[in-house]
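Heads up, the thing below is written out as C-alpha cells.
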Amino acid sequence: MSSVAVLTQESFAEHRSGLVPQQIKVATLNSEEENDPPTYKDAFPPLPEKAACLESAQEPAGAWSNKIRPIKASVITQVFHVPLEERKYKDMNQFGEGEQAKICLEIMQRTGAHLELSLAKDQGLSIMVSGKLDAVMKARKDIVARLQTQASATVPIPKEHHRFVIGKNGEKLQDLELKTATKIQIPRPDDPSNQIKITGTKEGIEKARHEVLLISAEQDKRAVERLEVEKAFHPFIAGPYNRLVGEIMQETGTRINIPPPSVNRTEIVFTGEKEQLAQAVARIKKIYEEKKKKTTTIAVEVKKSQHKYVIGPKGNSLQEILERTGVSVEIPPSDSISETVILRGEPEKLGQALTEVYAKANSFTVSSVSAPSWLHRFIIGKKGQNLAKITQQMPKVHIEFTEGEDKITLEGPTEDVNVAQEQIEGMVKDLINRMDYVEINIDHKFHRHLIGKSGANINRIKDQYKVSVRIPPDSEKSNLIRIEGDPQGVQQAKRELLELASRMENERTKDLIIEQRFHRTIIGQKGERIREIRDKFPEVIINFPDPAQKSDIVQLRGPKNEVEKCTKYMQKMVADLVENSYSISVPIFKQFHKNIIGKGGANIKKIREESNTKIDLPAENSNSETIIITGKRANCEAARSRILSIQKDLANIAEVEVSIPAKLHNSLIGTKGRLIRSIMEECGGVHIHFPVEGSGSDTVVIRGPSSDVEKAKKQLLHLAEEKQTKSFTVDIRAKPEYHKFLIGKGGGKIRKVRDSTGARIIFPAAEDKDQDLITIIGKEDAVREAQKELEALIQNLENVVEDYMLVDPKHHRHFVIRRGQVLREIAEEYGGVMVSFPRSGTQSDKVTLKGAKDCVEAAKKRIQEIIEDLEAQVTVECAIPQKFHRSVMGPKGSRIQQITRDYNVQIKFPDREENPVHSVEPSIQENGDEAGEGREAKETDPGSPRRCDIIIISGRKEKCEAAKEALEALVPVTIEVEVPFDLHRYIIGQKGSGIRKMMDEFEVNIHVPAPELQSDTIAITGLAANLDRAKAGLLDRVKELQAEQEDRALRSFKLSVTVDPKYHPKIIGRKGAVITQIRLEHEVNIQFPDKDDGNQPQDQITITGYEKNTEAARDAILKIVGELEQMVSEDVPLDHRVHARIIGARGKAIRKIMDEFKVDIRFPQSGAPDPNCVTVTGLPENVEEAIDHILNLEEEYLADVVDSEALQVYMKPPAHEESRAPSKGFVVRDAPWTSNSSEKAPDMSSSEEFPSFGAQVAPKTLPWGPKR
C-alpha cells in the first residue's frame, strides 16, 4: 500500500505555527531558498537499481526465517467421512436424526469444537470439525465412538513391550487413542495375556494396529544386559563426577545404570540397540579388567567425626580426589563404628591421595564456647542479627546452640572457626559484664493478670526497664518467672512484678445481686454513671453480665477494702432505684390531658421537677385515659394530688368517698376488673379508685360529673350489700377421691344440694395447691344447711365397708380388658371404691367391693347396670356403602367415637374388600350336603348389601337403633346446583383457593365438572345438615360474580377522541404527569396511537372505563386541546452565544421563565440551519411578554460576551503568520510531465518500464515467510 499526502499552504502555515521562535527566525532568513520548489528527484527519490534487487533476491531467506518463529494456526478444520454401512443411525424415520443431532450437540458442548454434518449421495455421513487441535482430536474420537459402528481386533505383542505402548503416565496410549480415534485395552501387569484389544472403526483399528506393531518392532531392536562388576571398581567406571560413563553413553547411545554407593548391588545394567550396547559393555569390561590389574589398596585410620569432611558436601571431596589422583576413597557407612578408610588406585598415586585425604580430614575442626544458656538468645540477637554478622564473614562455619546446655558448638574450617570463636567469646564476656538475670516465684494463677489484656502490663514493664520477662505457658502450671537484661532494670522489674503479685493476693472478688432491670440505669447513658463509680473506686473492676444471659450477678474485683466500699455505695444506689421505681396510675378524663401538660409542657414539667417523679402520658391517638407516675411513693402521691386538683379545677368534677369493707373489694372488682369496669362505663365513665391491696383501708373514691358519681355510688353500695349478705363463707375438707362422688354423675348430686339450700359450693381446681378444701358461699343459713348435708355425705364416705356381689364369669373379661379401664372409671366415679375380680382361670363368680358404704352401694348398682346391658346386648347391622365409610368415621374416627359415647354402644366397621368385583364360586359341600340353597338365594337377590358395606352395632336394642339412625344421618348426600359454566373458573379461584375456602367453611365436598364438558351444574356432597348452607353460600358467590361481570362490562366502555397528533405530547405532559392526573381523577385508561404502526390512525385517542367517566375524561382532554389551539408560536432571533446562559444549569433558568410566563420555549438543536432561531409557544399575550424578557436577557448577556472576547484578544495575541495567498498546492521542479524533451510518457502496460517486483528474479524457489 502507498499513501499520497498533498501539502497545502494552510497546513504548512499551521505546521510552522508550532515552531519555537528560533526556528521561525531561521525559516525567515532562508525564505528565499524555501521559496524555490524542490526538484522531482528530491521529492520522489528513485527505487534501487535492478542489480541491487537481484542481489538481494539471490540471498537465502534465512535472514527472515531464522528471526521469526513459525506461527501455527490456532484453529484447524478436519473432515471425516462415515460410510453408510458403518453409520450407527441409518434410518432417519426412527428418531435417528434427532439422536444423531443430540449426540453432536453434547460433543460440541464437552469439547468446545464446532461440528457440521452433511449427507453424501451414497448416504455416507460427512462431518466437518473446527476448533483448537486438542478439541478437534477429542471431538473426532467421540464422533467415531458414538456415530460410527464399532469393530474390534486383537494384536499380540510381547508382554515386556506393553509398557512402551502405555508410555510415561499413560501419555503415549492417550495420544495413540486420540490420533486413531480408537479405544485400546492393554491387559493388567498380573494378567499373563499378551493380547492388546483395539475397538473402533475399521480404518482406526488398522492405524492403531500398525502403530502398536511399530512400537513393538522398535523395542525388538533394543536389548538389555547386566554386567557383574565389583562394587569397589564402580567409581573408576563412572569416572570423576560421572564423566567417563557419560561419555560412553553419549558415544554409544546406550543407557548405563550404575547403582549408587548407598545401594549394595554389583551389577551394572545396559539398555540400548544391540550393536551399540555390545560396544559399551566391551569398553566397561576393558576399564574394569585394566583397573583390576593395576590398582592396589591401602587402609588408613581417620576419626569417625572427620569422615564427613573427607566425603564433602554431596560427595564432592571424594570426586575431587578421584579427579586429581585417579584414586578411589572408600568410606565405611555412617552406621558402622569402623574408622578405617580404604584408598584404591595405582601405587604411585596413592601417596598423593593419602595426603589429600588427611588434608580434607583436618581442614575442618569442631570447637565449643562456654556461654550460659540464658544468654544464647542475646548472642543470636533479634531475628538472628548478631549471629548473621559472623556467618556472613565466615559462611563455612556452622554454629549450633543446644537448648539447656551452657555451651555453643562451632564447626568449620580451622581458621574460620578460630576467628568465630574469638568473636563469640568476646560477645559472651561483654554480655556477662553488662547483663543479669533473676528468677522469681509468683503463683501461676496471677500470671495472666501480670501479662494484662493483650500483653499490655508485661509489654510496659519490658519497654520501661529494657528487660526480657519470660512467663511460662498456662499448660506448664509453673510459678517460675525469669527476668533478664540490664542489672538495674532487672531489679526494678522484679520489684514491680512482686508488688503487682502481692496486690493481687490481697484482692478479693464479690458477687453483688442487682435485678437486671436496673443494670442499664446503673450503667447510664453511654456509660456515664458507671464511669463515675469507676472514677470514685479506680482500683475496683466492675463486670456486668451480658444482657442475653438474663443474670442478676454483678461482679466486683479489687482490694478488699475498696471492694467493700464500692459494694455499700452500689447497694445504696440500688435501694434508691427500688424506692424510686414505685408506680401509680391516675385516670384523668382525656379532654383534660392537654391542660395537665400545659403550654409547651410547662405544667407537667413543673410537677415533674417539684415532685421529682417521672410522669408518662398516653399518646394522643390512644384511647387510654391513664397517666402513670413513677418515683418515690410519697412523691408519686404528691404528684397525683396535684394532677387531680388540676382536673377538679377545670370541670364540674365531684369526688365522693364510700366505705366498703376491704374483704369485699376483690369481689366488687371482679375477674380482671370486669365488674367494676361495667359500672364505670354504665355511669358515664366515672373513675372508681380502690385502695392498694393489703393497706387495710375501706375507703373507695368515686370521681366524675356529680350526677354520674351519685349513680355509681348507689350501684356500688347496692352491689356491696348484696355481696355482704351472700358472702358468708365456710370451708370444709374432704379427700380429693371423694370429690367426684360428692359431685355425682353429670354434677347431679351437688346440683341437688345447691337447689335445696341456695348456697354456692366451690370445689378446688386442678391447679390449686390445697386439693382437700371445699368452699361454701352464700347466706349464713343456706351455707350451714349445705355444710350439714355435705359433712353427712363425707362421714358416710369415710365409713369403709367390704361387700361382695355375684357376677357371671363370662362377663368378667368385659370389666378387666384394656388394663381394667371399666374398673378405673367406676373407682373415679364412686369415691375410689376398690373392685376385685377373681383371677382368670378360677371359676369363681364372687366380686369383692371395698370403700365407703354409699360408694360401694352405688358401685354395685353400676356394675349391675353394666351386666344387664351386656345380657341385653343385641347386634344390629347398618348397611352403608363402603365408599362413604371414611366420611362417616370423620377425622381420626371422631364422629364414631362421639356416637359410641352418646349411645353407649360398640361399632365395628368391616375390613376393606380387596377385589370388589363379584366372582362366581363353585358350590362347597358341608357335612355331605351341598350348600347350594343359600348360595342360590344370595345370587338371585342382587339387592342384598355386600359384606364390605355392613357396619355392626352392639349394645341395648333401643340404643343400637338410635346409633344406627345417627350413623345413617352421617352418610353424605349429593345435590346439584345450577351455576353458569363461564363462572366455574372464578368459583375455583387461583390455584383452587376459592373452592377450598368454601369446602372448609361448609364442611362439604364441591365437585366442578371438567372444562371440556361445559356443564352448567356443580355437585355438592356432604351431610344433609351442611348442604343447605353450602348451596346458599355457592349461590351467593354466583350472584357476586355476576355482579362483577356486569361491572366489568360497564367498565369496558370505549370512547374515541380525535386529536391532532401535534398536541399529543402536551396532553401526555412532562414524564406523563398530565395524562396520569386525568387517568387517576376519572378512573379511566387512556391509550395513545402507536407511532410505529402505520395502519393505526394517528389522531385517535381511546378512553376505556365507565361511560360517565370516559365522557368526563374526554371533556378534560378537549379542554386542553382548546387551550392549545388558542396558542401561537413565534420565532425570535436570539444570539446562539447566550443560549447556554438563558437555559441555565440543567435547564433551571429556562424552566423558571416558562413557568413564570406560562409558555413553551424551544432552542435549536446543534447543526440546525439557523442556530439563532428560538421558538416561543403560548397564549399571544404571554408569548409577547416572554419574548420581551428573553430579548432583554440577550442584550444583557451579549455585553458580557463582547467584553470577554475583547479581553481574550489581549490575553492571547495571534501567532506570526504570513499574508495568505491563494494556495498553489505542492509544486516540484523538473517533473517528467513538465520536461520539454520529446520523450514520450512511459507505457504502463510495459513490463520493462513497470517491472513487477521479483518476477524475473527466481533462479531458486525460496519460500516466503518462516521456515517450516
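For all residues, glycine too, the Cβ spot is worked out from N, Cα and C.
Annotation source Swiss-Prot lists N-acetylserine at Ser2. What Swiss-Prot lists as phosphothreonine is Thr8, Thr295, Thr296. As annotated by Swiss-Prot, phosphoserine applies to Ser11, Ser31, Ser317, Ser645, Ser1247, Ser1252. If you look up Swiss-Prot, you'll see 222-284 marked as domain 'KH 2', on the strength of sequence analysis. Here Swiss-Prot flags 364-424 as domain 'KH 4', drawing on sequence analysis. Residues or ranges marked as phosphotyrosine in Swiss-Prot (evidence: similarity to another entry): Tyr437. Taken from Swiss-Prot, the feature domain 'KH 6' covers 507-570. Per Swiss-Prot, the feature domain 'KH 11' maps to 873-967; the stated evidence is sequence analysis. Per Swiss-Prot, the feature N6-acetyllysine maps to Lys991.
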For the domain 'KH 6' (507-570), give the DSSP counts of helix residues, strand residues and coil residues. 34 helix, 17 strand, 13 coil
Just give the helix, strand and coil counts over the domain 'KH 4' (364-424), going by DSSP. 31 helix, 18 strand, 12 coil
Whole-number answer please: how many Å between the C-alpha atoms of Ser317 (phosphoserine) and Thr295 (phosphothreonine)? 21
May I ask which of the modified residues Thr295, Thr296, Tyr437, Lys991 is closest to Ser645 (phosphoserine) if we compare their C-alpha atoms? Lys991
Looking only at C-alpha atoms, tell me how far Thr296 (phosphothreonine) is from the residue listed as 'phosphotyrosine', rounded to the nearest Å. 63
Quick note, Lys991 (N6-acetyllysine) and Tyr437 (phosphotyrosine): C-alpha atoms separated, nearest Å, by 86
Within 10 angstroms of the C-beta of Thr296 (phosphothreonine), the count of other C-beta atoms across all shown chains comes to 10
Whole-number Å distance between the CA of Thr295 (phosphothreonine) and the CA of the residue listed as 'phosphotyrosine'? 64
Helix, strand, coil: count each for the residues of the domain 'KH 2' (222-284), based on DSSP. 32 helix, 17 strand, 14 coil
For the domain 'KH 2' (222-284), report the average pLDDT of the model, please. 87
What three-state secondary structure does DSSP assign to Tyr437 (phosphotyrosine)? strand
Neighbouring C-beta atoms (10 Å sphere around the C-beta of Thr295 (phosphothreonine)): 20
Which has the fewest other CB atoms in a 10 Å radius around its CB: Ser317, Ser645, the listed modified residues? Ser645
Helix, strand or coil for Ser317 (phosphoserine)? Use DSSP. helix
Cβ neighbour count within 10 Å, max among the modified residues Tyr437, Lys991, goes to Tyr437
